[in-house]
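Features reported for this protein in TrEMBL:
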TRANSMEM  21-38  transmembrane segment
DOMAIN    31-484  domain 'Major facilitator superfamily (MFS) profile'
TRANSMEM  73-94  transmembrane segment
TRANSMEM  106-123  transmembrane segment
TRANSMEM  129-151  transmembrane segment
TRANSMEM  163-188  transmembrane segment
TRANSMEM  200-218  transmembrane segment
TRANSMEM  294-312  transmembrane segment
TRANSMEM  332-352  transmembrane segment
TRANSMEM  359-377  transmembrane segment
TRANSMEM  397-417  transmembrane segment
TRANSMEM  458-480  transmembrane segment
REGION    503-535  region 'Disordered'
COMPBIAS  514-535  compositional bias 'Basic and acidic residues'
Amino acid sequence: MRVFRDSSLAKYVRGVKSLPSGIFNWHLFATCISFALAGCPKGWDEGSAASITELGSFKREYGLDAKTNRATISNIVSLVNVGAGVGAFLSFFLNDRIGRLWSGRLYQTIYAIGSLISCLSYGNHAVLYLGRIVAGLGIGACTVVGPMAIAEMAPKSIRGLMTLWFNIAMLSGQTVGIFTVFGSNMHISPAKHLQYQIPWFVQTFVPAIAIVSSFFSVESPRWLTIRGRPQEALEALVTLRGLPVDHPYLQEEYAEISSHIDDENRQFGEGGYLSVMKETFSVRSNLRRVQLTIIAYILAQFSGANSVTNYLPTVFTLIGVTGTDVKVYSTGLYAVAKLVCCVIASLVFVDVLGRRKSLMLGITVQAMCHAYLSGYLKYFTKDPESVPSGASDAAIGIIYIHAFGWAVGLYTLPYLFGAELWPNRIRSFGGALSQSFHWMFYFAITKATPSIISSMDVWGAFLFFVAWCIVAFIYTLFFVPETSNLSLDEMDAIFDRPMHKMRHSTKTPVNGTDPEHDSKKSMEKHESMEHVEGR
């Protein structure tokens, strides 16, 4: 029993129980869910784009045949990533100007417009490509504002859990997108336009829900403070925490936010876009943040998981799964597996086990799965008739085990790092910058995957992914810091250290949010809020 009482999970549970009960309120949950829905566009597109191109009506409408299939499908699937990279970077110019709520509404609208353009392209390749790029603009911007807003509003003890709601929404969108295409393929004749139009049209439903729900949500207190609106920031924090304005926990959090932003402004001034960019690349601690977030996204792409996701029907063909319906259904089950594993990761791993251990566990599982698939494709596919059924069944099972490794590690953690590591002043630019690089590498690996698979005798491609997983594990072991249970304002202490010492960061005790501790600390440090409360 003592072993359990001293475990990370038990300590985490005790720490969460010590939080004021008002923190867990519907305003916080509704707001974070509204921003989490910004993940649905990316997931939905990942789940449906490649599968839509396999529909008979789509091939007939767009004149696809065996000769043009590979190049055209590659363009259709990957062009959205070009728009996403641009959209992610451009979001920097709006996130801090119009706020998190209005930014989210705008980006969801852009994505919906792009989906409608694709839906109504009627065989015109140029119009279809335009729709894909416009949709990408919205998708890329959504991947910046969603996790960033949640990280700014979530209590630090459960920030990892709540930020991963964005990833859960991505995987939910992916799952629904896959089965929407599956349903269209099953129940609508290939002779009708509706077979491929419905999967694109229903993508507009989630943006509509997200936009409506945003009007019942709360603006980020950090953004309001940055914009010089302290009274509104305090009111927003009171609403999000469900606590009275004089509660010690709320007083400390508000004072910590205000003092940290004031310190940043005193040190760097209140300059515009160029000042923020200069601060990002001229301050050593910020350069370390840039390095960490960009490398995390690079390693995520080169680990091969997104390649498996985008071309899963092809991968299933390689390991012996035949039939369009069977492949689409198996792809849907893979998305469900990732969704379930992501929920497990949010509840059990990122805040309980910690960021570093979660990453290393996920990378290890992913590498082992790639290694098995490489061996299977090397030794058991030369003569399909003689492949042992057990080996084929194991290969299919490995695909779903791979989902666990991906969800626990390199799928979820880069998004979390991209949202939580940055100082307040440059969080929007840092998130936009890291996501832009993410989308560029996403585009590159999506375009390159067919060539990698064909040029490396198939099995070599998976061995290539194993090598990158090993690189990711080594990088995590030596350079990735532990950020769980640290407030956003406590991150500076980590990145002020040399790179090789960042991994030795000291974790704040999980129960460090004890109300009595908060009360003493707030009374000692932050009497400056009284003038705000008295307005």
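The backbone N, Cα and C atoms fix where each Cβ goes, glycine too.
Note: the stretches the transmembrane segment (129-151) and the transmembrane segment (73-94) are in contact (3+ CB pairs below 8 A, sequence gap of 6 or more).
At the 8 Å Cβ threshold, with sequence separation of at least 6, the transmembrane segment (458-480) comes into contact with the transmembrane segment (359-377) through 3 or more pairs. Contact between the transmembrane segment (397-417) and the transmembrane segment (332-352) is supported by 3 or more Cβ pairs under 8 Å, counting only residues 6 or more apart in sequence.
Taking Cβ pairs closer than 8 Å, the transmembrane segment (73-94) reaches residues 42, 45, 49-50, 53, 64, 103, 106-107, 110, 114, 128-129, 132-141, 143-145, 273, 310, 428-429, 431-433, 435-436, 438-440, 442-443, 446-447, 450 in its own chain, all 6 or more past its ends. When each of 21-38, 106-123, 163-188, 332-352, 359-377 is scored by its Cβ pairs under 8 Å to the transmembrane segment (200-218), the top-ranked stretch turns out to be 106-123. Distant neighbours of the transmembrane segment (359-377): 303-305, 318-319, 345, 349, 353, 391, 394-395, 398-399, 401-402, 404-411, 413, 458-460, 462-463, 465-466, 469-470, 472-473, 476-477, 480; these residues of the same chain sit at least 6 beyond its ends, with a Cβ under 8 Å from one of its Cβ atoms.
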